[in-house]
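Report on the following structure.
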């Protein structure tokens, strides 16, 4: 379908090169193999030649073109076959992570220029330009699915960039002819703008119109993409005095090292907690090999700061697992850990509070709980110490402080035990026999009443009123009815006073 033919002419004075120019020049450039399944800007259904697709000034840091717009539906992107603008950065930059969109496969390519002694220019001419057949993604036979009309396989999807420098002599011009994307920058300014999918187109640039200063050196950057089947040619004619300021360790002029170093494979240290990256492009690979110069930057924990946890990277998963920060042992303060609060930190509670017989939240100097004293219990129960009470604490069943009378009752029911509230001294009082309750009950003989001895023994006695203390009467009591009688004594019937 497409013919790729790029004709770039860099004219140098014949007098300079006629005697000193070598027969061939080799220039190593960067190539990025693309696969439509990974970047659908390749093998799009639509597209034609378009200018103004990219910015007119080259990014001085990345040194790759940038789209004017990242909107997919604008006319220029549609006409240029850019259906997914977000993947355009990977036309000319490495993206070797298969888990991300836009994956490509960086390679290096040697362009061999032949010196034309008649015209005094160097020429690279390839009318069947498929330099990475069976390379990159196409190492896998399953990726070799794009054929021309003759059912011939080629790798039709790749981009190439050439970053170099030249010293301006004041008379150089160049011409080129090409199809698909071809962009050329001189001094970071776009001088050739042929983007999109198109048949070969030619143009010319007069360097004398670019405002360059003779003797100064300027960047020369060429970007070329093949994005569609079925043909590819390239022809470069150059006699500009270009040179390479440095080569990366892959041998590519001003390369990025990606053509021979993949951070995911070359630099893989099998540690998920490091970010593996290739050496910087200008690294000099001395003793050893490229992996010896790789960088393995520890991953940074992005979890919010938590005073209860340290986050430690898991070398198997690459995740930052929370590791609890041990709380201080405060057992010497009678404190035990109950957990950690992400705002205030470790939380403690007194081990003394679980025992009702300990003073709450109080710890001795030797790290033991302080038990409640009798005075403590007196104050707790009565507000003050009652000297007639004995205070103690019972931890069984969570009872806590208890009290009992200091002066215990006597076993003799006729003794009353009492306590002096002022000094707490115990003393006893004898209870009268008729008041004391020694268990006599009501006597069967109704002429008697209950009576307790001082020892508390029941000894009922006759009612006192039976004896009227009159010697001239005979006192009697009916034991069944309790009726008391006082009959005059016989000897007292004839006189007023009884005689013996």
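The backbone N, Cα and C atoms fix where each Cβ goes, and this holds for glycine too.
Features of the protein shown, as given by Swiss-Prot:
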DOMAIN    114-256  domain 'PA14'
CARBOHYD  59  N-linked glycosylation site
CARBOHYD  314  N-linked glycosylation site
CARBOHYD  341  N-linked glycosylation site
CARBOHYD  366  N-linked glycosylation site
CARBOHYD  420  N-linked glycosylation site
CARBOHYD  469  N-linked glycosylation site
SIGNAL    1-18  signal peptide
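Recorded features from Swiss-Prot, shown on the structure.
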residue	record	contacts (Cβ under 8 Å, 6+ apart)
59	N-linked glycosylation site	65, 66
314	N-linked glycosylation site	272, 273, 320, 321
341	N-linked glycosylation site	308, 347
366	N-linked glycosylation site	none
420	N-linked glycosylation site	388, 426, 427
469	N-linked glycosylation site	none
In three-state DSSP terms, the structure that residue 341 (N-linked glycosylation site) belongs to: strand
DSSP residue counts for the domain 'PA14' (114-256), split into helix, strand and coil: 10 helix, 64 strand, 69 coil
Mean of pLDDT values spanning the domain 'PA14' (114-256): 92
